[in-house]
Amino acid sequence: MDVKIGVRVVRGPDWKWGQQDGGEGYVGTVVEVRTADTTPASSEDGGSSLVTPRAVLVQWDNGSRCNYRCGIDGKYDLLLYDNAPAAVRHPNITCDSCRQNGIEGLRYKCVNCFDFDLCFSCYMSSKHSMEHKFILQEAPEAPFVNLPLRCDSSRLVAKGLFKDAEVTRGYDWLWGDQDGGIGNIGHLVTIKGWEKDTFRSVAEVEWKKGGKKNVYRVGHKGKVDIKAITPGEYGYYFPDHLPVLGKKIQEKDIYDTKATPAGKGSDGGIAAGDQVRVQLDVDVFKALQEGHGGWNDDMAQLIEQMGTVHNVLDSGDIRVRYPNNRTWTLNPASLTKVTQFAVGDVIKIIDDIALVHDLQEDHGGWVDDMALTLGQAGRVVRVFPSGDLRVSVNGRSWTFNPLCMNAAPDENPPEAPPDTDNGLLDGLGGGVDIETQLRLLTLLENPAVVVAAAAANDTNALREFLVKHPSEVNAKAAGKAALHCAAVAGHIEIIKCLLEFKANLEIEDEDGDRPLHLCAYGDEEEAAQLLIDNGADVNARSKRGMTALNLSAIKGHTSILKVLIRDQNIDLSAADSEGNTPLHCAVLAQKLEAIVLLLDAGGDPSLVNFRLFTPLHEAARIGFLPGVDLFIKRNPECVNLKKDDGLTPLHLACLNNHLDVATTIAECEACDIDSVANDESTPLHYAVHQGHVRVVERLIGFGAKLNVQDHDGDTPLHMAMVRQTDGALGSDTPQLKKLNDSIEVSEEATDRVSILQACFLIQQGADPYILNHKGNAPLSICSPEKAVSITQFIDDKDKYPSTFHGSLKRVQPTTHPLAILPAPQTPSNGHSATANDTSPAPVKATPPVLPPVPSSSFIECIICEKEVTLRLLPCRHEVLCTECTQRAKKCPECKVKLEGIEEISPKCLMCEEEVATVTLEPCQHKFCPDCCKRMKRCSECRKTIEKKIGLTDTSTTDTAVISPVGAGPPGSSAPISATSPSICEICCENPRNTVLTCGHQFCSNCSQKVDQCPICRKVIMHRIQLFQ
């Protein structure tokens, strides 16, 4: 696997550098990956210099910083301890011990058990059986690797920047005197992740002097702000169970998941007569059947059914016969072999509570008393037709999934008592006849029968019991009442029966959830309507402050949402324990359809949660682009809403490096791109401060002001001088890449991208001589190496002209043609803002409607239609005549404040040497005759050329290709207007019959020839054909 910046490491197999790391078990961070020769060094220099490719620079938690081999001469000095700080995550994989959804860092999978995974922390802390074989996956795209057994492996204690460490400022410290001054000590409170970007990558530190708490980088983007003077400990780790950093995985070490899927009979073959089960999701089962007998939709019913192996085919596929006498050919990889037990067999329950809990689902269920049986021996007292077992453990009988136990012939448990029902729901789900179970429970007069009948959807048994015991209608089992069970499963007749016997509609379970909450969990629309019609409180709250509407929004269950919002008493602004309204909940869960429904019903998007975030602020913070786009289309003016600290959605998008979100907000004409927060910082300040170069370039393209000063007097350029930039150049930074290919950087400078960002700001108009409130100019606060390169750039600035600033077009949002969203409606029921709603009223900014550019031989003023002879600065737009310019304070095109004007240069826009005598229509750009002779599209705006005015040599104008405005399509005598809404804007000939991802429409021919929309420049993901 490739080595990532920010990963945490420990000493590895070829370590020979003594105590440089602080001692065995100490942890460090990879801060640089070096793949080219640098300064020569001897082989005995302690790894402090790099002599050959493939080495890494490590910042150890004890403060030392050295280079180490990562493949040089076949030597590997380091092990990969944790790659979570480098943002490695396994989405949709849950740790079966701590229940973390989306395992962060290394993933460990049990081979002996079905679908059982552990995260790094649980695996290293010896969760699950130590004698089970595990395999390791370094990242989602990496293969699984074989590991030795933990019970046979030695382990060490991890030390360094962990909880309870004593720390002081470190190598990458940039935070002034936050720590109280040089030499002051802090206490490391906890290690956590930074938003959703990286995991276990920052440390919360409380400084002893002043008692302040702040968060500092420990691996986040390869930076380490602190060092340990007294290390903390993170428990044990198994060195032999960690990947060797940078070493290619050998073929012999790869675990073949296709040949022997983990947890599926890997401990032995399947033979005729064996009992087997399919325990997979339908999609996985279907995929495995390809080439192994094929797929039939009826096969979905085989999941969890017990079958008997009829025979094994020569191909290796298995013929399995089921109780309905149907036989199917199945892939052996889809089958789990079930150990066959008989009455009287001695067994031992496995000791993993999380695994047993999961395996018991649909196999008798789980009750808390079952925890007493874990790791205990017992005897089988009954085998159900489904394969589930009734076992006696310590004198009590329970129904178990056979996968929850192993044969234990050496154990000697007491003889089992007669098979009777103990506990609340012991017999259910075990395959025994439900009437027999209910009758037995009735004889015992166990009130849990009402819950059992509701769960089993047995109305007759329920009614029979309640006639005799009407007072037990609200009895509970495992914390749930019968109405809870019926509501979550949508058992309508059961609910009606319970209501007939006066069941409590507001009865709570252990979490404070009421039956209506359970309907929301299960998306049971009809059940919810039945409860509401009978008087259920639609605004009832759980212990977490959740209403059914909050839960439905989180789950994205639109059918139940529609039922709830139809009720005239529903509170659309109900806030949970964190102050989140249903609209907040839908945004945080990224459920777009739920957001639309709530807005249509009158949900208030201006309400704030306890963090004082509106739903739009939350959407911008987490990077939920569809949500941001929806809010802007509904009300463009909401883009300027400010939090209590003055942050707008654009500030948050820039802070968190969400380029698409920042672009969507900034291109909206109503957006104040230079809005200042309470600290007087603009979004550009935040983007530069965080080193997000992609966002920086995009903001400047939209005309962001470059010389705004914050409360310290710092401009974005001041911040660029003192910050190291972690961003990389790519396809979304074309201007920076272009500049990078041109400028020279001092050989002593180590942070090229940071220097490039500063030069780019200066190139676009940032003033390098503005003084902040301490009297410092940008160049006076940066490192000498950086100052040398930037000073040289300033001296040669005229060599790097640019018109990029303000060149990106900002638009007035329009409704998406493929998903027309209705305008917000007035709420049918009043929902006022909560006391936490401190957000100010939206700032209104109505964009002017610009007339189309007329066809003429000169550029016309958009106000008075006189000839434009001046260029506006700094945006360089040519839209006003001399008289109108004298009255203007802002550019009418981009809304940037005017700082000056200049005469329009008559030079050709392409060669910048010859006089521009040819004007292109309809864009009005000017070129010299030589440069534009063969043009079919304008090189400046990429619009199709319809006419070249002023070009005398008509033989080279490509008149056969370029149709004059007003000409109809070939074969038509009727003229067609170039501005007709039904005609393609590229060729001006064919009708618009294709819709792009962004919503703009063109003809099918033109849309196939472009990768980006010619209007909004968004990448085309799909093209949808329209039919008349």
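Using the three backbone atoms N, Cα and C, a Cβ is placed for every residue, glycine included.
Quick caveat, the model's predicted, so the values are computed rather than measured.
Listed in TrEMBL for this protein:
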| type | residues | note |
| --- | --- | --- |
| DOMAIN | 1-84 | domain 'MIB/HERC2' |
| DOMAIN | 153-232 | domain 'MIB/HERC2' |
| DOMAIN | 861-895 | domain 'RING-type' |
| DOMAIN | 908-942 | domain 'RING-type' |
| DOMAIN | 984-1017 | domain 'RING-type' |
| REGION | 822-844 | region 'Disordered' |
| REPEAT | 478-510 | repeat 'ANK' |
| REPEAT | 511-543 | repeat 'ANK' |
| REPEAT | 578-610 | repeat 'ANK' |
| REPEAT | 645-667 | repeat 'ANK' |
| REPEAT | 679-711 | repeat 'ANK' |
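Long-range contacts of the repeat 'ANK' (679-711) within the same chain, counting only residues at least 6 positions beyond its ends with a Cβ under 8 Å from a Cβ of the stretch, are 645-646, 648, 650-651, 653-655, 657, 659, 662-663, 666-667, 673, 717, 719-720, 723-730, 732-736, 753-754, 756-757, 760-761, 764-767, 770, 772, 804-808, 810, 874-875, 894-897. Long-range neighbours of the repeat 'ANK' (645-667) within the same chain, counting only residues 6 or more positions beyond its ends whose Cβ lies under 8 Å from a Cβ of the stretch, are 195, 197, 612, 616-617, 619-625, 628-629, 632, 639, 673, 675-679, 681, 683-684, 686-687, 690, 692, 694-695, 698-699, 702, 704, 732, 808-811, 1016. Confidence annotation: the repeat 'ANK' (478-510) carries a mean pLDDT of 91 in the model. Residue counts for the repeat 'ANK' (578-610) by DSSP state, with H, G and I taken as helix and E and B as strand, are 17 helix, 0 strand, 16 coil. With helix defined as DSSP H, G or I and strand as E or B, the repeat 'ANK' (511-543) counts 17 helix, 0 strand, 16 coil.
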